[in-house]
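If you scroll down you'll find the structure; I have some questions about it.
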Amino acid sequence: MIKISSVGRRFVLLAGVIAVAGGLAAWWILTAGRAANEGFDITDEGYYLLSYRWWDSNPLALTGVQYLYGPVFEWFGYDIVKLRFFRLFTVVAVHVLFGYSFMRWLRGRRPGLPPTRLWEAAGTVVVLAAGGMCYSWLPQSPGYNDVVLLGALTLVSCVLWMATAVDRGTSVPFWILVAAGLVIGVMVLAKWTSVVVIGLIVITAVVVLAGQGGRAVARGILFALGGLAFVALVVQLFVVRLNVAVPGILDVNRFIAGTSYSPAELLQLYWSSTMKLIGQTLIAHGLLLLATAVAVVARWRRIRIAAAVFALAALALSVRRVVVDDGAVGGSQHIPMYAETLLAAVLVAVVAAAGAVIAGRAGVTPRSRLSRENTRTWVILALLVLLPLVQAFGTNTPLFTIGFNAFAAWAAVMIAVLTGIWATPIVARVTVGLVLTGSLVATATIAYTGLFRYPYRSVGHSQLTAAATIPALNGMYLSQPAEENFSRLAADLRPYTEPPGRPMLAYDKMAGLVLMLGGRPLGEAWIAPKERERTAAGVEEVCRHEHPSRPPLVILNREISDREINALHSCGLDFRADYEQLAPARETIGLEIWIPKAERPAPPTG
């Protein structure tokens, strides 16, 4: 009988982790690449792209993300498919960086590990596999949520490099501190509410640097401020003047002040929705959490056998619940269901960690490595537990809707727990390992179905077979009805949309139509039915400075309101006197198209 050494067993284990996690990561990455030229959402994705298309001439925007992706979109020749691939590249690159940074730091917290780079590789691919949640339901084109999420993971990576240096007793490289400042600058530009997650990460960084004394903290702050100042300088000199960009962002935030949630209302929404999710998760997977707790403290052989049976049964029930309730299916309609799955996974790790620490200190079980961690380590792990929810602050939806796209942070926590409870009974370790593996499988299926079966406000992959003929959608595939409707509308409006760049108003949520027709927004690119005052204020703000060179085309999927008609008055236009409908709505894909009367071709004389 051939005996395998402990080194050999570790090699096989790490190689197996790399194979499984790598396969799951490849699944969602290849799916995202395959879907990059499929489908187009004229609402949110259209809004992103329209603001990027006119990034340098329309300063009215809710955030400054257009100054990040706008130049990239322009560099790609306004090619949507290339921009989607760019997003995929950034998602993969940042998750690889975060995964490697985490495993590099964790090696110092786990003495006795095999001296092989397979350790870092295994953890990195696990984190990368968890990154598939970025494709769970959002549009494929990048937006400010991507900048905040990826920026937060990059900033945490900087903190992990700081912690590694402190643990090793060496000075933190200055470029890590400067890089942290650069990332902070980009995040604030993309979405100012990111200051919440930035603040949490900065507090963690201060705790980490304090391990080397006050001078190290002061040095870190100084270099980070230098990086932040460099971002401001680059934006000012090469992208957009800050005295143009900042007032535009402030104006839009002033427009929405009376129509959006107040801070107190947002906090109430966040609290109530999070508590509801936790309650639902405890009901659905409470037995699994209880089984984990029992497995961790099981001291005697008979109890361990009973704990193993209990854990196996609880796992089976949880898996059944996930399958029956679509807890591993992507798409916006499945967010509440898969949120339970992901939360249950990290709660298993939290319960196992708490049980191992308490049982070890009470003498019930041998003390595990996790029970001997220092304050810095616990602060970092707490940051990773909170990160998915905190990075979503500012959204007007429940935090988990956006937050769980950062599931990679929780995958890292689960790795830390699994590798830190090696002194606990094998039942506990196997349970945590199986839950981690199951969560990665769920992530891959969520990404796959979110891209192919339930893409954002689009039909599924099997119906996206018609090649787009509109130049703005070059290289993309739509459903046959959508392609026919869009191309017919573009042909009907061609006499009024050439040359490109004509102002257009598309009420409501049809920014993508403006992009397809080669138009530009008059005021904000975003037009929503519940924010008519905001839209009208944007039109008035533009026309207060200068009337458009050509009267805007007006596209309606509803009746125009008096407030919007009054806004056009500020542009010197009388909608009722100056406009007429191009054709009955049934002839213009169900939309009302209003054109200036002066541009209607004269009827031929007999």
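Just so you know, glycine gets a Cβ as well, placed from its N, Cα and C.
Sharing the feature lines straight out of TrEMBL:
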type	residues	note
TRANSMEM	12-30	transmembrane segment
TRANSMEM	85-106	transmembrane segment
TRANSMEM	118-138	transmembrane segment
TRANSMEM	144-165	transmembrane segment
TRANSMEM	196-214	transmembrane segment
TRANSMEM	221-240	transmembrane segment
TRANSMEM	277-298	transmembrane segment
TRANSMEM	305-323	transmembrane segment
TRANSMEM	343-364	transmembrane segment
TRANSMEM	376-394	transmembrane segment
TRANSMEM	400-423	transmembrane segment
TRANSMEM	430-451	transmembrane segment
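How about a rundown of where these features are and what they're close to?
Sequence-remote contacts of a segment are chain residues at least 6 beyond its ends whose Cβ falls under 8 Å from one of its Cβ atoms, and for the transmembrane segment (12-30) they are 4, 88, 92, 114, 116, 118-119, 121-122, 125-126, 128-129, 131-132, 135, 437, 440-441, 443-444, 447-448, 451.
Remote same-chain residues near the transmembrane segment (85-106) are listed as 29, 32-33, 36, 72, 76, 119-120, 122-128, 130-131, 134-135, 140-142, 146, 150, 153-154, 156-157, 160-161, 163-164, 167, 380, 408, 412, 415-416, 419 (criterion: CB distance under 8 Å, separation of at least six residues from the stretch ends).
Within its own chain, the transmembrane segment (118-138) has Cβ neighbours under 8 Å at 11, 14-15, 17-18, 21-22, 24-25, 27-29, 31-32, 91-92, 94-96, 98-100, 102-104, 106-107, 145-146, 149, 330-332, 334-335, 338, 342, 404-408, 410-412, 415, 436, 439-440, 443-444, 446-447, 450-451, 454, 456, counting only residues six or more beyond its boundaries.
Only residues 6 or more beyond the boundaries of the transmembrane segment (144-165), in the same chain, are considered here, and those with a CB under 8 A from a CB of the stretch are 63, 65, 68, 87, 90-91, 94-95, 97-98, 101-102, 104-105, 108, 134, 138, 171-173, 176-177, 179-180, 183-184, 186-187, 190-191, 194, 197-198, 201, 204-205, 208-209, 220, 376-377, 380, 383-384, 387, 391, 395, 402, 405-406, 408-409.
Long-range contacts of the transmembrane segment (196-214) within its own chain (CB-CB distance under 8 A, at least 6 residues past either end) are made by residues 148, 152, 155-156, 158-159, 162-163, 166, 171-172, 180, 184, 187-188, 220, 375-376, 379-380, 383, 386-387, 390-391, 393-394.
Counting residues 6+ beyond its ends, the transmembrane segment (305-323) has Cβ neighbours under 8 Å at 284-285, 287-288, 290-292, 294-295, 298, 341, 344, 425, 427, 430-431, 434-435, 438, 442 in the same chain.
For the transmembrane segment (376-394), same-chain residues at least 6 beyond its ends with a Cβ under 8 Å from one of its own Cβ atoms are 105, 109, 148-149, 152, 156, 159-160, 163, 166-167, 191, 193-194, 196-197, 200-201, 204, 207-208, 211, 270, 274, 346, 350, 400-407, 409-410, 412-413, 416.
Counting residues 6+ beyond its ends, the transmembrane segment (400-423) has Cβ neighbours under 8 Å at 95, 98-99, 102-103, 106, 109-110, 123, 126-131, 133-134, 136, 138, 145, 149, 152-153, 156, 273-274, 277, 296, 335, 338-339, 342-343, 345-346, 348-350, 352-353, 356, 360, 365-370, 373, 381, 384-385, 387-392, 429, 432-433, 435-436, 439-440, 443 in the same chain.
Distant neighbours of the transmembrane segment (430-451): 20-21, 24-25, 27-28, 31-32, 35, 126, 129-130, 132-137, 140, 288, 291-292, 295, 311, 315, 319, 322, 327-331, 334, 338, 341-342, 344-345, 348-349, 352, 407, 411, 414-415, 417-418, 421, 461; these residues of the same chain sit at least 6 beyond its ends, with a Cβ under 8 Å from one of its Cβ atoms.
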